[in-house]
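Visitor: Before I ask anything, let me first share the structure, which is written out below as structure tokens.
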Amino acid sequence: MSDKPLYSRVLLKVSGEALMGPAQYGIDLDTVDRVARDIKQAIDAGVQVCLVIGGGNIFRGLSGAAKGMERASADYMGMLATVMNALAMQTALEAIGVPTRVQSAIPMMTVCEPYIRRRAVRHMEKGRVVIFAAGTGNPFFTTDTAAALRAVEMGCDALLKGTQVDGVYSADPHKVANAERYDRLTYMDVLARDLKVMDASAIALARENAIPIIVYSIDEPGGFAEVLTGAGRCTIISDAA
């Protein structure tokens with residue numbers, strides 16, 4: 001393995017839950033700062049980075065719908081939660097000298113930029129991190145699908161998903177002690193085995209556009225930069241297992 005990154009432009013999907021840290025709700029600023037430092041390592045190595053952040057640490061549309069809320073309204077609330085997370089991450093990145101722009105799929109001009117694909121590409125070409133907020137801007141679509149969509153639109157070489165575990169397992173390793181860990185999978189493996197990596201539409205988008213999905217532990221300091229060089233512990237999902 002070399003220290004040179006294998007990818008020139010990547011999208012990092014961060015779940016809202018990952019930003020809770022040890023808490024049960026909300027944004028843990030120490031965790032946000034640590035993720036920001038990991039991103040800076042990649043930027044310093046010459047990688048162009050964009051992000052999609054979930055909102056499950058604040059509000060999850062599916063949970064709201066399950067409790068009787070109209071699904072569309074619940075999803076819009078979840079999208080607004082992602083904007084809060086995006087602003088927190090922007091603040092953390094800029095505090096350590098990484099120029100960052102937030103673009104929202106739901107226009108809110110006094111808070112951040114609207115999503116404009118060509119502008120986002122130019123930002124990354126200038127070395128800025130772009131954080132895509134508010135998912136796709138449409139209800140009934142997850143932030144995983146938004147991540148796959150933005151990765152395709154931005155021409156990313158890979159989609160990285162930072163989770164609480166170091167790859168994809170046959171079952172939740174926190175609940176099933178003998179769960180099998182996979183180093184490599186195909187897109188069809190994920191769909192056929194119903195592995196809980198991303199939803200089917202996100203997997204299909206990545207597959208159709210030949211974008212590998214790399215699942216790694218966001219809780220491991222420096223893990224993001226390591227995975228980009230091929231040295232980190234992760235699961236790679238592509239056409240070739």
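One-based numbering along the chain as shown.
Glycine too: its Cβ is placed from the backbone N, Cα and C atoms.
Pulled the feature table from Swiss-Prot, pasting it below:
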BINDING   Lys13, Val14, Ser15, Gly16, Gly56, Arg60, Thr163, Gln164, Tyr169, Asp172  ATP binding site
BINDING   Gly55, Asp75, Thr136, Gly137, Asn138, Pro139, Phe140, Phe141, Thr142, Thr143  UMP binding site
Visitor: On the Cα atoms of Gly55, Asp75, Thr136, Gly137, Asn138, Pro139, Phe140, Phe141, Thr142, Thr143, which are listed as binding UMP, what is the maximum pairwise distance in Å?
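Guide: Taking every pair of listed residues, the largest Cα separation comes to 14 Å.
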Visitor: In Å, how long is the longest CA to CA span across Lys13, Val14, Ser15, Gly16, Gly56, Arg60, Thr163, Gln164, Tyr169, Asp172, which the record gives as the ATP binders?
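Guide: Overall maximum Cα spacing for these binding residues reaches 24 Å.
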Visitor: Including all protein chains displayed, how many Cβ atoms other than that of Thr142 (UMP binding site) lie within 10 Å of its Cβ?
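Guide: If we count other Cβ atoms within 10 Å of Thr142 (UMP binding site), we arrive at 20.
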Visitor: For the binding-site residues listed here, Phe140, Tyr169, which shows the highest count of neighbouring CB atoms within 10 A?
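Guide: Top count of Cβ atoms within 10 Å goes to Tyr169.
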Visitor: Measure from the Cα of Phe140 (UMP binding site) to the Cα of every one of the binding-site residues Lys13, Ser15, Gly56, Thr163, Tyr169, then give the nearest.
Guide: Gly56
Visitor: Taking each of the binding-site residues Gly55, Gly56 in turn and counting other Cβ atoms within 10 Å of its Cβ, which one has the fewest?
Guide: Gly56
Visitor: Cα of Tyr169 (ATP binding site) to Cα of Gly55 (UMP binding site): how many Å, rounded?
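Guide: About 23 Å separates the two Cα atoms.
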Visitor: Please tell me which one of the binding-site residues listed here (Gly55, Thr136, Asn138) sits closest to Thr163 (ATP binding site), measuring Cα to Cα?
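Guide: Its closest listed neighbour, by Cα, is Gly55.
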Visitor: Determine, to the nearest whole angstrom, how far the Cα atom of Gly56 (ATP binding site) is from the Cα atom of Thr142 (UMP binding site).
Guide: 11
Visitor: May I ask for the distance between Thr136 (UMP binding site) and Ser15 (ATP binding site), taken between their Cα atoms and rounded to an integer number of Å?
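Guide: Cα-Cα, rounded: 15 Å.
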